[in-house]
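Feature annotations, courtesy of Swiss-Prot:
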ACT_SITE  Cys91  active site, acyl-thioester intermediate
ACT_SITE  His343  active site, proton acceptor
ACT_SITE  Cys373  active site, proton acceptor
Amino acid sequence: MKQAVIVDCIRTPMGRSKAGVFRNVRAETLSAELMKGLLLRNPQLDPNAIEDVIWGCVQQTLEQGFNIARNASLLAGIPKTAGAVTVNRLCGSSMEAIHQAARAIMTGMGDTFIIGGVEHMGHVPMNHGVDFHPGLANNVAKASGMMGLTAEMLGKLHGISREQQDAFAVRSHQRAHAATVEGRFAKEIYAIEGHDANGALIKVLHDEVIRPETSMESLAALRPVFDPANGTVTAGTSSALSDGASAMLVMEESKARALGLPIRARIRSMAVAGCDAAIMGYGPVPATQKALARAGITVNDLDVIELNEAFAAQSLPCVKDLGLLDVVDEKINLNGGAIALGHPLGCSGARISTTLINLMEHKDATLGLATMCIGLGQGIATVFERV
């Protein structure tokens, strides 16, 4: 079977969704800039060789509608001979894009793919136009479509305290801030234009949503937002609302080597799994277990892990049940996570994978895992290997 490898991976800075640096920049532009960036960074690649552009996006309406993958690829000047498709596995959409490209390569259905994802949550809110079928109530808990309440449920089932959640959130901001100051995001962030608070055009170089001043004291002052009477989940322990895009160049290994392109990581295994929609945040556990089994390894073999931080109350049960509580500070979300950086839905899968690959290089690690929960009860996971 042919091998799928990551040749390059980049992301935009994460912009604040409310009056942030990308308030005047459309989702198609965020996407197109990254597509162009991949080609500029890898001049050995003939753009005419691109088989398909596979782009994750959840709210496929307004500027994100009508196949944003194609709109963005045309804006980017990618040859019209390349295909383009937008995929939606909710929060796992751009990781699904990785999987689709990898499967195509493994089965001989192309050797060069641009994949990624985008979500401009400032322009297209996550609940825009949502209209669940009334019949879902027959076998799905009514609150399953409210992600914050599913996090409350998961936290209660696993005995996760308010203090544990607050500490996890503080860690996320502290580590993301340290990664920024120390330049550890520099290799993955592809600077693009945005606007400052006064409306002046600027080159955006850093994430806008990290709050380095976050402390246990400041978080303790926040009220529960989803279950005000009995809850523990606050805005401070939930993923930030942000706008952003991420992208990867995925190729068949021998083709990349023949062109003299770098092999940054090989896709070792992939998996998706379902779980009860009422505890959708638990999805990374069964998905990771599948991916590890397919790779023929155990969780102890992993050197670095990126677990998407939808909520602290959701992340901690996954860490606990995967047997990783004792190695959080050595292996998990070492540059912070979505609580600090935000979770632009369609962007996040390729974003955490990009951060993971850069961390693996920084630490000279061999095996890494990227995994995330998915609304309505799914998980998705990818094992990467440096070669």
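In case you wondered, yes, glycine gets a Cβ from its N, Cα and C as well.
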So if I draw a 10 Å sphere around the Cβ of Cys373 (active site, proton acceptor), how many other Cβ atoms end up inside it? 32
Let me check the 10 A CB neighbour count of His343 (active site, proton acceptor). How many other CB atoms are there? 28
